[in-house]
Each structure stands twice: as C-alpha cells, then as structure tokens.
Amino acid sequence: MPRRTDLHHVLVIGSGPIVIGQACEFDYSGTQACRVLRAEGLQVSLVNSNPATIMTDPEFADHTYVEPITPAFVERVIAQQAERGNKIDALLATLGGQTALNTAVALYESGVLEKYGVELIGADFDAIQRGEDRQRFKDIVAKAGGESARSRVCFTMAEVRETVAELGLPVVVRPSFTMGGLGSGIAYSTDEVDRMAGAGLAASPSANVLIEESIYGWKEFELELMRDGHDNVVVVCSIENVDPMGVHTGDSVTVAPAMTLTDREYQRMRDLGIAILREVGVDTGGCNIQFAVNPRDGRLIVIEMNPRVSRSSALASKATGFPIAKIAAKLAIGYTLDEIVNDITGETPACFEPTLDYVVVKAPRFAFEKFPGADPTLTTTMKSVGEAMSLGRNFVEALGKVMRSLETTRAGFWTAPDPDGGIEEALTRLRTPAEGRLYDIELALRLGATVERVAEASGVDPWFIAQINELVNLRNELVAAPVLNAELLRRAKHSGLSDHQIASLRPELAGEAGVRSLRVRLGIHPVYKTVDTCAAEFEAQTPYHYSSYELDPAAETEVAPQTERPKVLILGSGPNRIGQGIEFDYSCVHAATTLSQAGFETVMVNCNPETVSTDYDTADRLYFEPLTFEDVLEVYHAEMESGSGGPGVAGVIVQLGGQTPLGLAHRLADAGVPIVGTPPEAIDLAEDRGAFGDLLSAAGLPAPKYGTATTFAQARRIAEEIGYPVLVRPSYVLGGRGMEIVYDEETLQGYITRATQLSPEHPVLVDRFLEDAVEIDVDALCDGAEVYIGGIMEHIEEAGIHSGDSACALPPVTLGRSDIAKVRKATEAIAHGIGVVGLLNVQYALKDDVLYVLEANPRASRTVPFVSKATAVPLAKACARIMLGATIAQLRAEGLLAVTGDGAHAARNAPIAVKEAVLPFHRFRRADGAAIDSLLGPEMKSTGEVMGIDRDFGSAFAKSQTAAYGSLPAQGTVFVSVANRDKRSLVFPVKRLADLGFRVLATEGTAEMLRRNGIPCDDVRKHFEPAQPGRPTMSAVDAIRAGEVNMVINTPYGNSGPRIDGYEIRSAAVAGNIPCITTVQGASAAVQGIEAGIRGDIGVRSLQELHRVIGGVER
C-alpha cells in the first residue's frame, strides 16, 4: 500500500548522549529516518540533546531541538508546534534506543500524546509493552510455542528472596526497560542477590526486576527481523556470539551469519522469531530477538526482545548492506516491504532477504585503563565503549582484521609478549570472561592444550576454537619454513594475518616493511569485494567494499573504474573509545558531503559499524577496513589502480579522524601518499614540546614552565625547579591518557615508572600545574594566510580537569574584550607558526591576567560539532574545502563562513550554549561490588556529551545537566565537604542554596566555617570517624545511602587530606544516582542552574530559529 496520506508532521526522538550501551548507532539510524521522512514530503521535528550527531545538523529536520530528552521537554516541543498551528501527527520513537522508547511510553501513559492527538508509529504502545515488559513477553513466548528461562518478575526485595529460594543459585537479575544490561548481573550468593536486585529495582523505570534461572555458558544467538502492515516478514540477519551467555552481547565478539547452527536449529529459531514478532504486534518496523541454546542438549530458549532498532540492528545493516533504519522509517509511514526498492541493487525489493557470501566479525573496545579499581570481569552489564567490524571471505580472515581494527596495544596474535605462566594459567584466566580472552585461547592452544580443554574452560564453541587452532598450525608452518614462498605467504594473508604479524615470526625480513616488499615483489595484493545483499546475484549500484586475499592469484578486484573527478581519501576514526568518539566521525561525514558537492570523488575508509561515515551512501565509495598503515596503503593502491585516465587521488585527509589517522600521516607520506591540509612536519612541530616551546618563545607567548624527562632523577629535578604541584604526562596521546597531577616526590616516582612503560619511545613531560586558572578552548581555521576563529569556549571547571570532561560555555561568560583580543592574537601566531592548513584547536589557561598556552592540536577537535551547532558555522565542511585549496575569503563569498567577522565575538542577543560531558561511573564496580570514584582529573573519562542552549547561562546549564544526568534538585538537602583551599570560594554558592530553601549538611570543619558565615547547617560525621557521645550518629555516607541527600558538593583533598573519605562520599553518590559536584566552579554553575529551574521559565527553541537569531550561515 502507498504511504499514509493522513501523516504530515512526524516527531523523531533521538537517543541523546553517547553512553555505554547506547552509542552512535542511533545517530546512524536517526539520520537515515530523517532523510527518508523528508524525502517523502513529510515535515520533521527532531529532539536530541547530543550536538555531536549528524542528525542534529539543521538540514536533516525542519525543526531541530537540541534539548533534553525528557517527557517534560518533549511535551514542550509538541505544545510549541501545536501553538504555532503546526500540529505534530505522529511520534517515531523506535530509532532512538531505549531513551526514546522510555520517553514515548511516559508521554503515552501521562496522556500527553492523546491530549495533542499524536500517534505512536513504528511500534504502538501495546507492542512496546509486550516486548519490553518481562512477564508479558514471557507469556507471549509461551503462546508462540517457545520456551523462556524459568523466572519471576519481582517488585520488592521480599519477592526477590522468595524467587531465589525457588530457583536456586546462581540466578540472573534483569531490570525492565533499561539498556546495555544496566543493573543486571549473575548472582552467586544471597549478598550478591541483594546488591544486584536493589540496584536493578532502582535502575528500572517500572521498578521491577526479573529473577531467572542462570543459563550461564549457553550459546547465544540473535535474529534481526522486519515486518510490515501486510504481515510480510524478513529475517535480515542471524548473529552468533562467540562468548557464551553470561557476557553481555555488546561485550562479546559476534559473527554474522551464525556459524554453528544446524539448518534445522536455524529454521526452528527463525519460525519462533517470526511467531513472536507477530504476537508482540510490531507490524511496521524492525526488532531484535535474542536466543540461547544449551550446547549439551540443544534446548532453545528465548532471552529477550527489543521492539525497536537496536545496537545489533546497526551491525546487521552494515554487515548485510540492508538499511534497517531507513526501511523501518518507510514501514512506519505505511509502505510495505515489497514496495521499497533495495538501494544497493537498485532493482530488488526489500522483501528479498539478504544473502551473505562473506563472514562478518564484530569485536568490542574497552576502556578499563581509564577506571583504576574497576572490575574488568565481563558480565551481563555492558562495559565496552565502542566496537569495530570487519568482513572477510572466511572467519579467520575477518577475525584477524577486526583484532587489528581495535587499535589496542595488541594488533592481533603474536604482536605483544605473552603473559607469564603456562597452559594451566591460561586456562584459569579463560574461566573468567575478560577483555582479550581470544589471546588466551590462542596461547593455551599454542602451549599444547586441546580444543576440548579450551572449549570447556572458556565456554566458547569448539568450532571457533578449532578455527584459532588452525592459525596456531599456520604459525608453526611460518616459523619452520626455510623460505617464505608465495604459496605460504598468500595462505597467511588469506587467513587474516597482517604484515606486522608475519614479520614477528620471520625476523630475517626486517620488520613489516620487509614483508610488504616481499609481497609486492610476489604480486600479492588484496582484491576488493562488494557488499551487495545478494551474493553477487544482482549488480551492486553502491560501491561498498572490503578486502580479501584470495588463494587464486587471478582473482579480480571489484572496485569500479575511476571517474573524471579527482579522488580524496578520508580516514575515519575507527572504534569509539574514550577520547576519540563520534565527534571525529562528524567531521569526516561533513568532509565527505561537502567535497562531493565541490566536485571531488570521496572515498571513506573506516571500520566502525555504528557510525554515519560507514553508511553506504555517505561517501561516493566506502572501504570497511582497519585503519592501519598496511590496510590504508592497500586501499590507496586499489584506488590508484582502478581504471585509467582521470586525475587520480588528489590526497588523503588525516586531520579529521582524531589521533588514529594522524598517527599514520608520516608513514603514509614517506610511502608517497599525498597528505592534504596541514603537513605531517607541522603536526610533529605541534607535538614536539621543544620545537613548540621555541615557537611560543619567538612569538612572545607565555607557557607553563616545563621539562622533558626519561628518568626519575630528571623528572625530580624539573619538579623541584618549577615547584609542585606538577602535571605529568606521556607525549603523543589523546584523551589525556596517562596524565596525572602530582603533589609530591613519592607520587612522581611511581608515575614515572608507569608512564615510561606506557609510551617507551617518547619522554615524559613535566609541566607546572596552574591551580585556579580559567581554561579556554579555541577552534580556528587557517588557510595558510588568514585565520578564522570558529569559537572561544570557557571551561566551567578550572584547569586540571581534562577538557573533554569539563563543561564549557560559548560564548565565554566571564572573559573580557581584552582577554578575547589576547586569545585571537595568540591563536593567529600559533596557526602561522605551525603552518596550519585546515583546523586548529588551542587550549589556554588564564591566571592573574596572563594567558598561558597549554597545547595546540593542528586537527579537528572533539568540540567542532558543538561549536558548529552553537555558532551556525559548519567548521568541518570549511576545513575540508580549505585542505583541498579553498581560501577563507572564497568560503566567505560562498556563504559557508560568515561574510564579516568570525566566532570570536558573539552577537549581542546570541544565546549561551553549554556543553556538558557524560560520564559512565555508574557502569563500573570494583570487584567487591562498590562503586568507583567519580573524581575528575587530567585523564579523560567521559563517553559523550550534551548541549544546553538558552538565552542565559543558568538556563543553558540547567538544560545541560538535565540532558546529561537528570534535573538538578529544586529543593531538599545538599551535603558539602570540601578541601581547605576551597572553603572560602564555596561560601557564596552554599549560602545561595540555603536562601533557596535547601537544608545544608556538612562535616565538622566545613560546617564550622559555614556557620561562621551565617549559613545554617547540620553536622554529620566523617565516614571513618567513630561515633562518639555528643557527636552526630549519622555519617555523611550513611545520609547519602539512606536517600536523605539530593546533591553532593565534594572537592578532593589532593595529597593533603583524607582522600579515602572523599572516595566513599563520591562513590555513594554515584551508586545512588545523586548529582555529585567535585569542583568549586561546578558548584557555582549548579546554583545558577537551580535558580533557573526554580524560576520555571526555561523554554524550547529550534536550532533553525536560534541560528536566525545568531545571524549565522545557512547550510
């Protein structure tokens, strides 16, 4: 049937900030949906709080609201559009993850959707309830002829304990309506049951948990299905988890299609999945169903269902080329599967199920090193921060590619020293799921363990173990062969081994370069195959490629002949990780779109299945490949070889994807690959402290005193000369990796040892730490002559908090005209001194009226999307054009940049935008179950960001906090405990809270100071202080755990006070989901936000409206 004619205006809800369990796959799906709906002539309103998303670019919706995704704010959007005579007809909430779904449910249940006549499309309320509510779903599975794990839904701890007594330990605890397994876990004791179920009841919006029998160790599978209004159903993809049940699917290595199912088992799973889909009632969209199979007897049970586009949907889309989100959006507005044409073939309908003639492997990326003390055991609560995907003609080829795509310290088997111990130690490690267990599987096999013993220890299916065992056998051949001949080398490449891995086994080849030389001499290059959804039955219209080393030397590549347009290769940012996330993908996507429009043929290279950059229609050609020197060079080689004539490859862009492509710049340039934009030598100049220090001295720009050290003695001497505290860090890092503020010699000695191990080829940098300075961030463009200031951001937290974790305001709220003039002058001098062509990010610290230069990065920064949204100027697009030869004057004339002026000075009536970091502390626990510390420092820990934008700072800050963590309290009790150095600064904000009606609790020293300043407060004792007669009986931590505290202000004591007490306070706040502020500036900002909330005049405005006010550039 044709699309519905009664729908004219659709509201799409995004997923908000990148968090563990809900990442940029929903930007990918939401962007597709918005494109589809607008192409169909529908008006689109969008709500999403994440400025780093492509979907919040103004061109993707008619009304783009960068506002908190809460029922209250979404209702304001619906009401505003209705008041303007532009009624919203339908709400599409199935493409924004659990956040969007929960918000839609709340709007339905509160009567808001009925009040404004808004229909839920994609999945109606009943379908959502049937799919998400544990008990109802269990009944549906039984009705469909399936089986669920024995379980019971519990609403109280008494019911939980009763159920555990019936089922026996261990049990699995699962809250309803949460994502990423938040609050779930396997409980082996009654204490663990109490802890997990208590947390689960708190995490579930519906305040219930499912207690179910443990199926730990069973095999796990997923099906991605779609259904239309005529009851046509397609199974898009089957996915198998390599890790068994007990490890969250987001933390497991997964494979598509499923490898170890028999045809009978697959058909049974498929039939049951379709029956469940029909019973649940998802009739215009997609869903994901998870199954478990007992490897001993084949018993099949249904675990759960997501009645929406999920993380696995994005993986299935990229794995098959079947655009699930795009088709789901079309189904939601009335189309049927047979009416939708498959974009990739251009002739088959969407009711044709995809067929794969390749294997896809996804692997998770973790960040445990960022959270010392966190338990690294993998459980049913998701902990990975990103993922990589690869495609190959066989499992081991795809596995090898994905392992090097992760960009960890190990780039595949045999690329790092083995851990100590023998077979038994390796098998012992395998019994506890943890990051990198594939390496232990290979090691145990190499040391002589049988496939059966390794399978028993790990719970991994013997088929996968046997595949890795074949690699062990191949390794033995490679080591033993007298000469590495063409046949053996081709076989090694066919099995996914990199030149680096082969070089580690053949020392006589003198490293990776030697292996490459031999390969080139023997004519061994990969061929590039095409993802076409139909195993080559129909010709693909969209060039989406992956590499494979075929055993047949005559195998042909499928890269299309080159056009007459010059080509530009854009290197993406790889898997998301802390310090390098969606913000860099945003810049890569902007480069692809603007350069295509400017007459270039754009070629994207990336390996992240969650991103918009790896959508098949973002660039003119896509290579789903690891971002290593070898793999990128082969793509360049393939592009140069594809067809004759034409201008060839104009250059490679390394400046937009973060540290990953930047780290390849020198080697690529040395190999003859043209790097466009800022040259590699200039990048080196900015990274080299000595050379950069000379540049600053020549320009008369102050910088904190510093020194470089390779030994503890050198570091101690430098620290004594410049004075403690000092900031120590390794060179060439992103996200503040390994940074620390050091207050004394003992701490310095411990750091030097660790830092040297972290980056042995680079020295340690020791800087004077500027306490109480205001940190400033600047994004600027330079075309080699003119500098354009994109935006000047003032950090809310003081210097010492990593810029990625600090909230910031744009335009700056406390900087004067003279400060901004200093910033402009310094930025221009640095851009010209380095030789920047493209983007530049500079960080400054302002202390006692002196502007110090902290660092300069001649590349796209993580703040580029935020600045672009706040100022209406697309900096990444302008950067891409400049790198390919355009001037700032030319871009002003075209309207891409402001015709006059730049982002250094905002219009008088410009709104204030606040960026806030989103931190994942609640996801991690120590081995004893306690929460980890939420203290911020120079090492970045945030996974994502939100933006609040309004007419004044208080309102914008309030929005940013609501979007990131939930509303700031408007009343209640605030607990205050601060370091001596912060007590004077805290008097005003705490007094204001007391005047607003808050009750103040404080520990003895802080309470005494507050009372002396006329602030009434009640005492609580410190956590480790014993109870004494006449002293408070309740400790600060007791009060927080008892739910008597609504906000915590706790600044750290450095090395001069009771740090352990601060940890207990902050971790209790994290565990109770209570706002916890750890800086004086953060407390002052929070007070302004609370005041704005109490005034109650915080409204909503679309970006399009705000950009007209700013007088920015229409894109």
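Just so it is clear, glycine is given a Cβ too, placed from its N, Cα and C backbone atoms.
Non-local contacts of Arg134 (ATP 1 binding site) by the CB criterion (under 8 A, 6+ apart in sequence, same chain) comprise Ser151, Val153, Arg174, Ser176, Asn208, Leu210, Glu304. Per Swiss-Prot, the feature ATP 1 binding site maps to Arg134, Arg174, Gly180, Gly181, Glu213, Ile215, Glu220, Gly246, Val247, His248, Gln290, Glu304; the stated evidence is sequence analysis.
Sequence annotations record features per position, and here Swiss-Prot assigns Mg(2+) 1 binding site to Gln290, Glu304. Mapped onto three states, the DSSP output places Gln290 (ATP 1 binding site) in strand. All chains included, 21 other C-beta atoms sit within 10 angstroms of the C-beta of Gln290 (ATP 1 binding site).
Annotation source Swiss-Prot lists Mg(2+) 2 binding site at Glu304, Asn306, citing sequence analysis. Of all Cβ atoms in the shown protein chains, 24 besides its own fall within 10 Å of the Cβ of Asn306 (Mg(2+) 2 binding site).
According to Swiss-Prot, the Mn(2+) 2 binding site annotation covers Glu304, Asn306.
Look at Swiss-Prot and you will find Gln843, Glu855 tagged as Mg(2+) 3 binding site. Neighbour count (other Cβ atoms within 10 Å of the Cβ, all protein chains): 16 for Glu855 (Mg(2+) 3 binding site).
The annotation domain 'ATP-grasp 1' is assigned in Swiss-Prot to 138-333.
The average pLDDT computed for the domain 'ATP-grasp 2' (693-884) is 88. Residues annotated as domain 'ATP-grasp 2' in Swiss-Prot, with sequence analysis given as evidence: 693-884.
Positions annotated as domain 'MGS-like' by Swiss-Prot, on the basis of sequence analysis: 966-1113.
According to Swiss-Prot, the feature region 'Carboxyphosphate synthetic domain' maps to 1-407.
According to Swiss-Prot, the feature region 'Allosteric domain' maps to 966-1115, an assignment based on sequence analysis.
Counting Cβ atoms from all protein chains shown, Gln843 (Mg(2+) 3 binding site) has 19 others lying within 10 Å of its own Cβ. Checked against Glu855 (Mg(2+) 3 binding site), the binding-site residues Glu213, Glu220, Val247, Gln290, Asn306 differ in C-alpha distance, with Val247 being the nearest. For the binding-site residues Glu213, Glu220, Val247, counting C-beta atoms within 10 A of each C-beta gives the highest total at Val247. In this structure the alpha carbons, written CA, of Gln843 (Mg(2+) 3 binding site) and Val247 (ATP 1 binding site) are 40 Å apart.
Between the CA atoms of Val247 (ATP 1 binding site) and Asn306 (Mg(2+) 2 binding site) there is a gap of 18 Å. Cβ contacts within 10 Å of Glu304 (Mg(2+) 1 binding site), excluding its own Cβ and spanning all protein chains shown: 18. Comparing Glu213 (ATP 1 binding site) with Asn306 (Mg(2+) 2 binding site), their Cα atoms are 21 Å apart once rounded. Sorting each residue of the region 'Allosteric domain' (966-1115) by its DSSP state yields 68 helix, 19 strand, 63 coil.
Asn306 (Mg(2+) 2 binding site) falls within a strand when secondary structure is assigned with DSSP. Across the structure, Asn306 (Mg(2+) 2 binding site) and Gln290 (ATP 1 binding site) are spaced 9 Å apart at their Cα atoms.
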